[in-house]
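Marked as active site, charge relay system by Swiss-Prot on the basis of sequence analysis: His171, Asp214, Ser292. The domain 'PDZ' annotation in Swiss-Prot covers 336-433. Swiss-Prot lists 152-333 with the feature region 'Serine protease'.
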Amino acid sequence: MQVIASFCSKPNENEFVGRRQLLSSVCSKISQGDVVSHPPVSSVKVTQDWKSNLHELAVKSVPSTTRRILLTSLFMNLCFNPSRYLSALALGDPSVATVEDVSPTVFPAGPLFPTEGRIVQLFEKNTYSVVNIFDVTLRPQLKMTGVVEIPEGNGSGVVWDGQGYIVTNYHVIGNALSRNPSPGDVVGRVNILASDGVQKNFEGKLVGADRAKDLAVLKVDAPETLLKPIKVGQSNSLKVGQQCLAIGNPFGFDHTLTVGVISGLNRDIFSQTGVTIGGGIQTDAAINPGNSGGPLLDSKGNLIGINTAIFTQTGTSAGVGFAIPSSTVLKIVPQLIQFSKVLRAGINIELAPDPVANQLNVRNGALVLQVPGKSLAEKAGLHPTSRGFAGNIVLGDIIVAVDDKPVKNKAELMKILDEYSVGDKVTLKIKRGNEDLELKISLEEKSS
């Protein structure tokens, strides 16, 4: 229904009053309790100011029943569509809003928790001992003299001492090592973080590498003031559950810190070089590509391992990380620096592969196949496997223990002997037929 009233805003000028304007005034007066009986709606000529007589016009023109209907409609509209009419009231006048009215309260940062502060200190102290290593391949330039460096990958390393020795993984510079470089050849580029936050780049020259333990040593000609050697701790006393920190350059993001705990000890690490490394440290600290060669630290900031691998089915850090224990690093690195290789202790005899030993019903121990003549093993009295007069196989000695350390198979014997040095004397417990014997033998340098 639409109610229209003609009125004059000026003398002799007719205007029409819209429904919304009329409704607004009517509702205002009704809410004040004005009740007047009215004649039927009609067009009324307004001769006075419409602003002052609009209410009187509406009261006289609109019956009480109609007013109640209009009021009810307005009330229901406000209930079901409040945002249409009340948004301005809720939001206020934006023209008078200030920054202080809408800004949240800002609280000061405050001091760090003790655990946070300790981790921050450990990182700030050791981050300068961590370097970024880029493996490079030198290739001849076409139609030009000289060579060009082709970056192959990147990893991490640690400053070993103030003389410029850098320890990293074998596989970090594996592409360069596949060319069989000589000691002193450039096999990578090393970035060292200075105290002012600037990365200094140096040539990484090969000192020595050990594929069996996935370790390598480089040398950089950097000023001693730039070199911050890392402190090496003992890994023999580690406990599962203690906190550890890993620093490295995952995915090229230099000097990244991850925190976790030691989740396992004495693990066999299947390294990227394809060899098995015993005694590994297992951790849940995230170790990604680029972390290899970086340090694993204990809660005191001491090096307890060199990060080397991650077991994952996704190719990311959502898996289990492994580190070469510092006890192994302390044994290998000094030899690489002194001899450019590792002098491994061994017996220098030929042992039967485990599948062959199993076929010969040797279920426990390492079966001796051959013993070189005039060797220390022959002098100690070890017997090889041979054939009898009838062509039957006569089993040689079976090594079942080294200094009371049980030997289950050939791989176990190699792992045990790797703990000794050249010249050490050990006692071998062997089975010879139905006899149990003990033989003393001096370990010699393992032949390649």
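From the backbone N, Cα and C atoms, a Cβ is placed for every residue, glycine too.
Feature map: Swiss-Prot annotations on the structure.
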residue: His171; record: active site, charge relay system; CB count, 10 Å: 23
residue: Asp214; record: active site, charge relay system; CB count, 10 Å: 28
residue: Ser292; record: active site, charge relay system; CB count, 10 Å: 30
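The separation of His171 (active site, charge relay system) from Ser292 (active site, charge relay system), Cα to Cα, is 8 Å. Residues of the domain 'PDZ' (336-433) grouped by DSSP class, helix first, strand second and coil last, total 23 helix, 28 strand, 47 coil. Rounded to a whole number, the distance between the Cα atoms of Asp214 (active site, charge relay system) and His171 (active site, charge relay system) is 7 Å. In this structure, His171 (active site, charge relay system) is part of a helix by DSSP. Look at Asp214 (active site, charge relay system): DSSP puts it in coil. Mean model confidence of the region 'Serine protease' (152-333) amounts to 90 (pLDDT, 0 to 100 scale).
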